[in-house]
């Protein structure tokens, strides 16, 4: 450890404190040296933690106050009763009586004359008082004699109630702040013609001007403020008391900050009123760090920095992943949003636009870039609030929140360029009104059922969560998501993709792809089951389809996923079939989505029997993508992921053998195989042993457990079905 001049002070200060011959003033000076040279120096240089600094401050403050109130060669004059100091620090006070009675002071007349001349206008009422020793760290709960903040006539102020008081009321904010800081205009205090005993004893010195550097204020409205406060570390110079400490107003001085460190910008004043106490002629001390915050946060953080380094994605700045939800500034609307914070999807609209990775506000661009983008305009997407109340469905105007899916780039002449935009914000806003009105007039029970059972509230899905399917994922990114996210870059397309058909074997991850698309767009996800519509909800299936699309329009952007769509669009349906009503309603909604490009609704349909869909209805799906069986890499990823969550003893060679033996398995088949093998160690165990066993005592999963399961689970997809998918994809598919 390096020897510094501060270490040389320890021995001298310890002798000054422990010596029995030293005066109280000398001991107090030694304690002040402890605070100034050791505690403040160590805390400012991060040599000690915030908790250690707080404990040291409490220790020194108690000893310091004990010296000031303890017995000395000069007995105190009736400062307290016999019991009060004993309760505080265990020391008795041998006080003497006052040598003379109460007498008036000339400063009272000066105060009256000063108030008449208007030198101190708008003074608070004189009933707010505090005692000299009323620090919360000394005796905040005891009844003490009341003294004025003025240094003259203090002992007579209580009896001369008829004289207008010159006491300055203050809102005491829980820790010693600088006396000149006030929420309003500061009124200078009158000088005292009679110095107080503290001044005459040399403990207080003439006040210098206040320090110019400020730090964030700590007020009583903060729930994290330390619950105890301490007497001041000393009585260094300060200015006279100004009228009124504003709660959460101007912050204390930054005397405790190390030199060379810029002071943070003061926080705005709090609107919560504080408690009024009389002001003190004490010096400010370093405030205790907030609970849960480090000292570096208070001393060195000048402003809040929004971390964006971890926001990596394949979309760069155009990522709308729901994984970051409301905490990320990427989803917060600008302050000039068309919808106030009480409407829309419920996300915070007060984010600083300078910290947005995908800026939704107007941006100045060079002239060449303006020509390049052609004055295209757009708004940033905001993911839906899955926790929003059901009753707010009818009151949402999502078109106001989201001008369009696309580009955030706006020219400087944004208002003039709106008339040239194919899908303006105003058009999207007006188009959402009919959906709102229809939803308000719908059956409340039906809307609640759709909200609870069809509107999904699941965790977001990333591309890395889907094993394999690289061709399908690349096609969705390039031909579906990017045209929606950047319509200005795909202006050559006749129509943007608004409906997709995913076909392929069962259990290959089509629904997972739909969830991932919703996550990447930051959109609400509605899952309609075709099999449930033709069985469970056959009687009111068309109403459910209509309500689902109405909610999707009110919660734009949204993704409507319809599984087993071949049951609804089959060419073998008879005219008398009740499914025809559901089919007609679905086609009506698809026509509305395809004919309204300003609506931000993406329809994703899924089927394992694409050949059964009516040929005339294939035109409704702009993109038709094959989702094949997982390849060897995808099967290895699935097996490794499932085994990593359990105790197993398989070598790499055995895992590779499992991957080879699962050729032809769907993703769901591989999952079922692993699940059956993971419970293999439990088979054949007696019931008594199983009841007393804990999970850690179960033997690891071995290759033999998988061997036993292979005889039970076979591929669920036949080669004939695979050939059918291949042929249909060659004729009508759009992906490979």
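Glycine too: its Cβ is placed from the backbone N, Cα and C atoms.
Sequence annotations record features per position, and here Swiss-Prot assigns region 'Disordered' to 118-155 (among others).
Annotation source Swiss-Prot lists compositional bias 'Low complexity' at 128-150 (among others).
Swiss-Prot lists 180-248 (among others) with the feature region 'Disordered'.
Among the features that Swiss-Prot reports, compositional bias 'Pro residues' is placed at 205-214.
Under the heading compositional bias 'Low complexity', Swiss-Prot lists 216-232 (among others).
According to Swiss-Prot, the feature region 'Disordered' maps to 272-295 (among others).
As annotated by Swiss-Prot, region 'Disordered' applies to 341-438 (among others).
The feature compositional bias 'Polar residues' is assigned by Swiss-Prot to 352-368.
Long-range Cβ neighbours of residue 511 (ATP binding site) (same chain, at least 6 residues apart, Cβ-Cβ under 8 Å): 527, 561, 563, 606. Under DSSP, residue 511 (ATP binding site) is assigned to a helix (H, G or I) in the three-state scheme. The ATP binding site annotation in Swiss-Prot covers 467, 507, 508, 509, 510, 511, 512, and the record cites similarity to another entry as its basis.
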Most crowded position, judged by CB atoms within 10 A, among 467, 512 as binding-site residues: 467
Chain-mates of 467, 507, 508, 509, 510, 511, 512 with C-beta within 8 Å of site centroid, ATP: 466, 469, 513, 627, 667, 668
Secondary-structure category, per DSSP, in which residue 467 (ATP binding site) falls: coil
Recorded ATP binding residues, 467, 507, 508, 509, 510, 511, 512 - maximal Cα separation rounded to whole Å: 13
Local Cβ density at residue 509 (ATP binding site) - other Cβ atoms counted within 10 Å: 24
Which same-chain residues, if any, lie at least 6 apart from residue 507 (ATP binding site) yet have Cβ under 8 Å of it: 666, 667, 668, 669, 716
List of residues, in chain order, with Cβ under 8 A from that of residue 508 (ATP binding site) and at least 6 apart: 469, 627, 628, 629, 630, 666, 667, 668
